[in-house]
C-alpha cells in the first residue's frame, strides 16, 4: 500500500526485536525488554528522547526461544539467506562488512589460489552482498509509539514497554546493529485509516472486497453481541466499531482474540486489504462457533455469567479496545469482571460507605487506573480498595427482641448466672423502647471455667447477631488493635477491622477474651489503644491506621472477660461495666453436670445414657472429693475419664449378671480416712486456685458408684469405675 501524501513515519527507525507477541496496527501490547540490544534501545533512544519522533520505534516479531538468544542479531521475521557464492567468498564478505582485519589479511594472503585478483573478488562480493541484502530484507514489522516505560531490577534488570501500533512497514536495509538495531524502513499502511472516522473515509468498496468487508463487520457485531454489554468497555467498543474504518477492522479485532502468534503473523504479513480480511475472518468465525458450543453444553444464567476476563483501553487516542478471550465460565464465587477497574468502581459506589471514605476510595481508584500492574504499589492499592468495599459500612442484622424467647434460651444454655441473664434482658427491654441505643461495654470478671466465654456466645445467639472472639492474652503491640500504616511493608488492618470484615455486619458481638492479660512493649500499649474502641463517646469514629478513615463501632456489642481487675488499667476499667461472675456452689455444679457436662461427654465418647448412668450422689461425691475449683473444667475432665473407662469395657464386651458397687474397705473406716486425710486450704476466687496450708491431699481410696450397662448384649455389667 502506498502511503501517499498523508501522515508519514520516520524513514529510519530503531527496531525492537521481541519474542513475546505480535503487535498489530491499532492495538496496544505490553512488552518485557531484557536483551542487551533492546535495553540499549530503551535507555539511549526512548528515555533520552525529547520529541514525539523519538518515541516511535519499529517492532519486529521474533518467534525464537528467548533462552537461546545471544548478543548476536537474531533471525528476523521472513529472513531469507541467498548463498550465491562459495564458502570462501561468503567468509571474505563478512570480513569486509564487519571490518575483521585478521580475517581479511588471511584471505588476502591466499588469493593466489583463485584465478581472479582480490580486488575483483572484493568488487563482486560487495555487489553480490548488496543484491542479497536487498532481497533478504523484505521483512514486515509494525511501527508503534511507546506510551509508557517502566523499569525494574527484580528479578533481573528489565524494562516494560506499553506500545500502541501505528502502521506496517518493510525493512529496506540495516544501518547499524549496535548498540541497537537501526534500519531504513518503508511505510506500507496509511495512518489515516486508524484516525479518520468511517463517515469521513472513502466510499464503500465494491466487488469481492466490499463483500468481504461487509461479512467481516457482521461477524464482529455478532461476536460483540455475545459479550456482556453491561461492561462499560464492551459497550464502548460496540460504539467504536461503527466509527472505525473498515480497513482497520481486521487488525483491531485480530488483536482482541486470543490466538497463536503464527496466525497473528499471517495477518501482519497480509499487505493487501483483501488478503487481510481473508486471514482474520476465520478467527472470528472460530470464536463464534466456540461460544455457541459452550452455550449448548452448559447452562449459563444471566446472574452468574462471567464472560470478559481481561479488557484494557489503550491510552493512545485511537480509543481501541483489547479484549482477552476465551471466557471464564467457572462456577466459583469470583468477581464478575476480574481485575476490571470499572467493576471495582461500581463496588465502591455500592458499598454505601461514609462520605469521607468514599472520597478516599475514589482518589485511590484514580491512582490505580494510571498505575501499571507491574508496579508493587498496584497490589497494595488494590488490596486496600478490596478491603474498603468488603467492610460492612451499612450492613447489619436485625436484633431478636423477644424477651421471653431470650430468657428461655439463656436458661437452657446456662444454669445460675442470674445477674448476667438479667443484664441481657434489660438491654433487650431498652432496645424495644429505643432503637438507636448504643452497644454496651460489658466486662465479665470471674475465675476460670465458670462460663464467661460461653455466655458471650449465648448472648450473640439470643440477640440473633454474629459472634466474633478476639484473644488478647499476650498481645503487646498496639498495631494488633489499630493496624499498621500502609507505608510499611506487609501492613495489614488491626483485629477489630479484620473481625468486622469476617462477620460482614456492623453490629456483631465482639468478645475481647483475657483483657486482663494484655502486655506492654516498645511497640506500644494495646490497653491504651483499646481506650478508643471501648469508649461509647469515641468509638463512633474509630480510625484504624491501615484504613486511615473513621469507622463507626457504636453498634458493636463489646464483651470483655477477665479473671481479675487488678491488672486492668484504671482508665480502661472505667470505660467498662463490670459484672462479677462468682464460682459455682456444690449444688449448682451437680445441676450443671447432669444438664450439660455428662450429656456432652457421652456424646463425645460415643456412649448412650443406657450404657452409662451416673447418679446425683455419685456426682456430688466426685465434686467434693476429686475436684476443688470455682468452675467446672476439672469436673468435666473427670467425667471424661469415666467415659473412657466405660468405653473400654463396652469395647471388650464384658458380661456381668448384676449391678454391684464394691469398696476395698469399710465405708465408715474409709469415710474416717478421707476426713483425716483432707488438708485445710484457702481458695483464691480471683484466680480459681486452691492454696494449701498443709501437705497436699492424699489419694482418696473411695471410688464413686456408677452403673454400667453393655448394649446390645442382654446381660448387664457393673463395677467400680474410676
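Yeah, the Cβs are placed from backbone N, Cα and C, and that goes for glycine too.
Curation does not apply to TrEMBL; its annotations are automatic.
Per TrEMBL, the feature domain 'Lon N-terminal' maps to 13-288. Under the heading ATP binding site, TrEMBL lists 446, 447, 448, 449, 450, 451, 452, 453. Annotated region 'Disordered' per TrEMBL: 654-681, in sequence order. Taken from TrEMBL, the feature compositional bias 'Polar residues' applies to 659-680.
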(message) Given a separation of at least six residues and a C-beta threshold under 8 Å, show me what packs close to residue 451 (ATP binding site) in the same chain.
(response) 414, 417, 581, 631, 632
(request) Could you tell me the mean pLDDT over the domain 'Lon N-terminal' (13-288), as a whole number? (result) 73
(request) Using all protein chains shown, find which of the binding-site residues 447, 448, 449, 452 scores highest when you count other CB atoms within 10 A of its CB. (result) 452
(message) Suppose we draw a 10 Å sphere around the Cβ of residue 450 (ATP binding site). How many other Cβ atoms does it contain, all chains included?
(response) 25
(message) Which one is it: of the binding-site residues 446, 453, which Cβ has the fewest other Cβ atoms within 10 Å in this structure?
(response) 453
